[in-house]
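Student: Annotated compositional bias 'Polar residues' per TrEMBL: 774-790, in sequence order. Summarising the annotation, TrEMBL assigns domain 'PROP1-like PPR' to 169-338. The region 'Disordered' feature in TrEMBL is assigned to 774-796. Per TrEMBL, repeat 'PPR' is recorded for 155-189, 190-225, 226-260, 261-295, 296-330, 366-400, 401-435, 471-505, 506-540, 541-575, 645-679, 715-749 (among others).
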């Protein structure tokens, strides 16, 4: 309207100029007069410093005028002085900010700059806040840099918004640079700025750097951290898996007399629950209530999840009943998360029971929940219950969708029942549900696991014929199976095919190929794929480097592996347990217990939680250092709530037997069997060595019979030790018995042991047997394996 009035005024002026004769019957211009009057009133308010009234007038005018039109009218009608012009543009920008008219505000700012001035800093700051609320972070940084270049004296608030924008864009480095600039320019730093940077560092998993900022803000700046500061750090440590550190930060809150809020308690509660420390979690809940906070649905969802993780079914149901008693409503989202946790943990009976409780308390399960339950049964490969639950869903009126059918098809693929998987695909079509990309990808993976790659390519072709385009997951399933089957050339052909079809390989695809070539000992090809992925603009990640380090370790190239570790660490890539497991395994294979222990200590210093695969090679290798070291490492493993598996038990038995603690070998074996873990060849080998040391030859015979009954192959080295053991106690008949069994299986005997047996048989008058062995050995010309065990260790 204002623009129209302005045009009318200019048209009148032009008409008067072109026609000096008086106008008869002139058109009324009351609206033009009103506009002029409004703008004149506005100018008067601005000149007299009545800014609040002027802002109110601008807001009123904006109801019928665009900000840019009002800006132009103000200039066109009044030709104001520069001071008035700056004040007007500032008040107009403030009005845009308050009304969240961000695009219009940017236009006003641009018009002001064209006139050669900046709006007031207070108005700019208000507008920066509006830009933050609208997520216009790049605009904020552009505006900020223009202010700095033009030597506008920006303040703490302006810097704060710039830092916030940089962090929101994921550029924490730029945020830190802005902090340093604030220091150089003498601009005071605020708790807000530090909180924003601490949050950004936590999201990048640079929690130690974030805590250093906390120390800086308190020690150097004299600022008092607030609840947000501590909550951010607690949450950062907990999400990084370092829950103990998060709890330590909670204790620091007390030092600064900062009161926790509900978010604080929920974060600490989550830390304890994720660490299976439910007693401490209960104490936190009590402390929360003592502070006057009422646990909400989110609080109880954390507690319920904690009971799921710890396998405490009784606690799970008791906590749920408590929440219901207290009137805390468990919503669909929490219910779905809880069911998902139970189903993923294979606790299907508990999932069924809690689902029943939801229904009793008025929560109506939706299709997501039922699909979750079905997926749980399928994940457990419980075919009968899965089919029964599928029928139950349809009976309740839920129409199966792609997610439903994909769960069923995946179950049959994982159980290698591809005919049934195809039947469910056919049933899917009968029900009017079209297979999606995930359906075909599941089938490709299923056939790939069976190494039926012809069918894989057929499914890929069917997929394209149905109008679906294979995606990176479809190709990934095929490439992964080919790599695991050591069909590396075929995997590379598929890689080229997907690229030719316009499907760009991602980091995961390249990692599959790199890992496959590393496992095959083809390190040059592995590095070729690294170069290819970098050329494609993809940055190698920790998985990439772990594959390379593992490949180097398996090839015995330990120096190069450690160099690569140092290289990735200097580039900001944080190694994990998998990285160190490969290095420990490498040094264990090389027989270097000192390096294994050094790497293990590094893991603890870095706060990395070891896994069972850390302890397999570690315990085995440090057996050279004595039983005390073996038992210390084993206890540390138990302290981490890691239950020994067969490999750990085997390593323990090996450690005890080489150090002469035979009774402990038997004790470990008994614990393993009691836990339902079946012994393998390595387990029996340690037992046999222990029994040899104790001279328990009859027990050895029983053990070998047990191995044969279980079809566990006895290694040539074990037979050699048996022959040696009997020879050492001059039981040459017993040694001959083991020799005959060994010879009949086609295993050669070590020449020196063979000579000892022949001499011994002659001593006891068994000349025919000794001659037979001599004849057999001359034909075999033994140069086969010899025992790796020092025979003196077997002597009794």
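Quick reminder: no glycine exception, Cβ is built from N, Cα and C everywhere.
Heads up, TrEMBL stuff is auto-annotated, nobody curated it.
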Student: Same chain only, please: residues at least 6 beyond the ends of the repeat 'PPR' (190-225) with a C-beta under 8 Å from a C-beta of the stretch. Say none if there are none.
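Tutor: Beyond its ends, the repeat 'PPR' (190-225) has Cβ neighbours at 156, 159-160, 163-164, 167, 172, 175-176, 179, 182, 232-233, 235-237, 239-240, 242, 245, 249, 256, 258, 574.
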Student: Report, as numbers and ranges, which residues of the same chain sit near the repeat 'PPR' (401-435): CB under 8 Å and 6 or more residues beyond its ends.
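Tutor: Same-chain contacts beyond the flanks: 367, 371, 374-375, 377-379, 381, 383, 386-387, 390, 393, 442-443, 445-447, 449-450, 452, 455, 466, 468.
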Student: Give me the DSSP three-state residue breakdown of the repeat 'PPR' (190-225), ordered helix, strand, coil.
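Tutor: DSSP classes over the repeat 'PPR' (190-225) add up to 26 helix, 0 strand, 10 coil.
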Student: Tally of helix, strand and coil residues over the repeat 'PPR' (226-260) according to DSSP?
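Tutor: Residue counts in helix, strand and coil order: 26 helix, 0 strand, 9 coil.
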Student: I'd like to know the mean pLDDT over the repeat 'PPR' (366-400).
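Tutor: The average pLDDT of the model in the repeat 'PPR' (366-400) works out to 91.
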Student: For the repeat 'PPR' (471-505), could you work out the same-chain residues 6 or more beyond its ends whose Cβ comes under 8 Å from its Cβ atoms?
Tutor: 437-438, 440-442, 444-445, 448-449, 451, 453, 456, 460, 463, 512-513, 515-517, 520, 522, 525, 533, 536, 538
